[in-house]
Amino acid sequence: MNKKVLTLSAVMASLLFGAHAHAADTRIGVTIYKYDDNFMSVVRKAIEKDGKSAPDVQLLMNDSQNDQSKQNDQIDVLLAKGVKALAINLVDPAAAGTVIEKARGQNVPVVFFNKEPSRKALDSYDKAYYVGTDSKESGVIQGDLIAKHWQANQGWDLNKDGKIQYVLLKGEPGHPDAEARTTYVVKELNDKGIQTEQLALDTAMWDTAQAKDKMDAWLSGPNANKIEVVIANNDAMAMGAVEALKAHNKSSIPVFGVDALPEALALVKSGAMAGTVLNDANNQAKATFDLAKNLAEGKGAADGTSWKIENKIVRVPYVGVDKDNLSEFTQK
């Protein structure tokens, strides 16, 4: 009897091991530049959710802790573990070439996401793709949103000069999103015939605490009573600005962000933020996962999906969000 039980246990263990080994056949290595980035945290959780819906796929997740050398080491380990594809959120976009050479050495496809590699890097490897957004579009849509509200709220023009006096919280200098959003939000306002005057601009590195400190300094400076609009390259910094404005009893000054994080949508609902721009984390995650899974299985990158690939890139569109359409995004 005991021998039969042992034999049955061995068979069950073998079956379980076989199932595990089968799942491991479609291993995908994923790196996130840092887990505690507000937006990338949403993307990461969405990728993990997509992974759970595909039982034949095993995701090997890594926090690169904002350290490119650490990410390079993680990629070496993932390749040594035999992953069939890589999904890489670069710490430094300039490191794409290094990552590609590692992947090429093992003939492993790589899907970059959120931080865009150079055209040269993408073109250097036939199995390299990118999922992200059009950085310019986010700035244009944010500009449209500000213009809409500026024209509807004459009281925002504190000195009645017909010109927006603004401060701008910029993301990481050199980051394509930070540079494009900073340039195109102002350009779009000017293209719409709205004059602008920059009172202050500084980087807060996408970070809420740094943005609060920058905003606090501006609200304690000589231009404190001239600020009419606060523009932030992302919601995390917009939330820091909201905290500083509240501390200075200036919550009536409108704040605009980008990302449509749940916390920011709550602030739009309460009126603490005037608007944001949906940076579609769920669809960026889904496209990244779908492409990586297809490539890991030896299929065409977009096979069986609705994603449109142009020049090896999937662009996920942005959408402006304010109180007028907020309900469309808070019911998800």
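For all residues, glycine too, the Cβ spot is worked out from N, Cα and C.
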Exercise. Swiss-Prot records Asp37, Asn114, His175, Asp177, Arg181, Asp259, Asn279 as beta-D-galactose-binding residues. Which of Asn62, Asn66, Asn153, Asn234 is assigned to the same site?
Worked result: Asn234
Seminar exercise, completed: Out of Glu101, Glu228, Glu243, Swiss-Prot lists as part of the Ca(2+) site with Asp157, Asn159, Asp161, Lys163, Gln165 the residue Glu228
Exercise. The record names Asp37, Asn114, His175, Asp177, Arg181, Asn234, Asp259, Asn279 as the residues that bind beta-D-glucose; what is their largest Cα to Cα distance in Å?
Worked result: 18
Problem set entry | Output field, beta-D-glucose shell: CB within 8 Å of site CB centroid, site Asp37, Asn114, His175, Asp177, Arg181, Asn234, Asp259, Asn279 dropped | Phe39, Ser138, Gly171, Ala178, Trp206, Asn233, Val258
For this session: Within the same chain, and leaving aside Asp157, Asn159, Asp161, Lys163, Gln165, Glu228, name every residue whose CB is within 8 angstroms of the centroid of the CB atoms belonging to the recorded Ca(2+) site, in sequence order.
Result: Leu158, Lys160, Gly162, Ile164, Glu197, Lys226
Problem set entry | Residues near Asp37 (beta-D-galactose binding site) in space but at least six apart in sequence (CB under 8 A) | Trp206, Ala236
Exercise. Which number gives the other C-beta atoms within 10 angstroms of the C-beta of Gln165 (Ca(2+) binding site), all protein chains shown included?
Worked result: 21
